[in-house]
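So the structure is just underneath, and the comments pick up after that.
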Amino acid sequence: MTGRQRKQLWGAVHTVLILIAMFVMLVPIIWIFLAAFKTHVDVYQLKLFFTPTLENFGIVFDDPYRLGEKLFNSTIVALVTVIIAIPIATLAAYSFSRFRLTGETMMLVTILATQFVPAVVIILPFFVMFRDIGLLDTRSGLILVNLAIVMPFAIWMIKGFIDGIPLDTEEAAMVDGSSRLQVIRNIVLPMAAPGLLTSAIFCFIIAWNEFLFALILTNKNAVTLPIGLALFKAEEGDLWNLLSAAGIIIMAPMFVLALMIRKYFVQGMTMGAVR
Amino acid sequence: MRDNTLKYLLVMPAVVVVFATAIWPLIEAARLSFTVGRLNRPGSLDQYLGWENYTWAFFEEPAFWNSVWVTAVYTVLTVGLTTVFALALALLLAPGGRLRSSAQTLLILPFAMSPALIGVSFRFMFNPEFGLFDAFFGVLIPPLADVSWLADPNLAFAVVVMADVWGWIPFLTLVLIGGLASVPRDTIEAAQVDGASGWRVFRDVTLPQLAPVLAVVIILKSIFSLKTFDQVFMLTNGGPGTATQTLSHYIYFNGMKYGQIGYSASVAWLMVIPMIFLTYAYAKFVFRKA
């Protein structure tokens, strides 16, 4: 075999391997997607070809499942968590990025460390406290606890974005007599806006997919979508077509958001440790 | 306002939130770990026992050691397999080209699946009667069809590992592609001109350059593997028996099902210890960059 032939062969093998890998990565998603449009007869017969139906989406929103309520809870909890977290994180991130603070490294490491504390440790005291003050099964309680996982993430990520903004414009404005707060509002915030939006989307995804807190803290009124999946476990087994439809409802906004922040994905997930 | 005051004022709200939502519960969990801590017994949350919860876990509870073992094996397997597969995939995708860039976009999509949803979908696919794998094996390897994957302790463990590896490959791959992009091309080409084989170039040039990035992903993945809960809960709920009961699940089970908050807080704190080491290692990488 000549060198050129070998190169062509290797190229073909390459392509095939990539296609196989992509297929494997997408199979569970495709499988759920197909099942969401099957009738409950088709879903139990393993059909690859079937007449698609939308009835599952109607059923999950209807009595007794009422997924709409869970969708509402999830949206409120994730949204409010982000709305509280991002401004607070932005101010802190600016300070960490632009000033030298006493104990700065210790504070930053502590914040980073809280990101890695197992959720199951944090939740035990909160469960006891919420039981005593009546915050169990409320959206407010869930929002409060969600801040624990979103906050460190937001601070580190936004700090990374602000670090990337050159200092000169800020300094020039201050020479012209702007105060620090004016500089933050008029120069830093507009320049950091894309980064803030990216961080907000990341935090929304984390809060939207959060499972353990909602599992322990809610049982009726504040149940979120991921916990709602448990509704479709009937006496006679799992209701796969309904589970899949609910899965699609959980995934759909995440697809869109994940694609929007594609460019920053690695940076965000590793909080800037890898670039 | 002077910058000197302002810089602390700006940090204050965040410090308060982090303290209230993360530091306080950690300290309170430590306190609870020394109490009787029964949810159904009023006053038991202030009734101190000393180290009894810890000695109980260590010397009287085989289920604790079982979950330590399950978590350890799970972590080693998932970290190892995810890293190897992700590295292979990253090498396939790294050099660019149209197919590769669309493949990289596709890799973002599995992130829409939260761990809980991954658990659900794998339980679905491994259903022995109408799961995808049943159909797949029915055609290719008939003896493997109709196997009750999730009813057998070893197979269930394998499926739990598989679900996790599947879920994390895209993220690690994307990180490693980024790492590969920063390996200088001319070093690789120089080695190739010198007649080094593909494997030698990988081992002697690419791998050493990639080492810091690999270390970061291995640390990160270890942290997430140690904590695993959502997908195990949805996929096997720790079963059959306790074959897939990870530490997180064990803590959840004792605390929430049996109401033994004090005991589960002590196990939870034991779990924090390896996290401290891993976080320290991770922080070193973050600050080396800064």
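Even glycines carry a Cβ here, placed using N, Cα and C.
What TrEMBL says about a protein is an automatic prediction, not a curated fact.
What TrEMBL annotates here:
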| type | residues | note |
| --- | --- | --- |
| DOMAIN | A:71-261 | domain 'ABC transmembrane type-1' |
| TRANSMEM | A:12-37 | transmembrane segment |
| TRANSMEM | A:71-94 | transmembrane segment |
| TRANSMEM | A:106-130 | transmembrane segment |
| TRANSMEM | A:142-162 | transmembrane segment |
| TRANSMEM | A:183-208 | transmembrane segment |
| TRANSMEM | A:239-261 | transmembrane segment |
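Ranked by the number of CB pairs under 8 Å to the transmembrane segment (A:239-261), the listed stretches A:12-37, A:106-130, A:142-162 are led by A:12-37. Taking every recorded stretch in A:12-37, A:142-162, A:183-208 and counting its Cβ pairs under 8 Å to the transmembrane segment (A:106-130), the highest total belongs to A:142-162. Listed as Cβ neighbours of the transmembrane segment (A:142-162) (distance under 8 Å, sequence separation of 6 or more from its ends, same chain) are residues 73, 77-78, 80-82, 84-86, 88-90, 92-94, 96-98, 108, 111-112, 114-115, 119, 122-123, 126, 135, 188, 192, 194-196, 198-199, 202-203, 206-207, 210, 213-214, 217-218, 222, 224, 267-268, 271-272. With a threshold of 8 Å between CB atoms, the same-chain residues lying at least 6 positions outside the transmembrane segment (A:12-37) that come near it are 43, 50, 52-54, 56-57, 240-241, 243-245, 247-248, 251.
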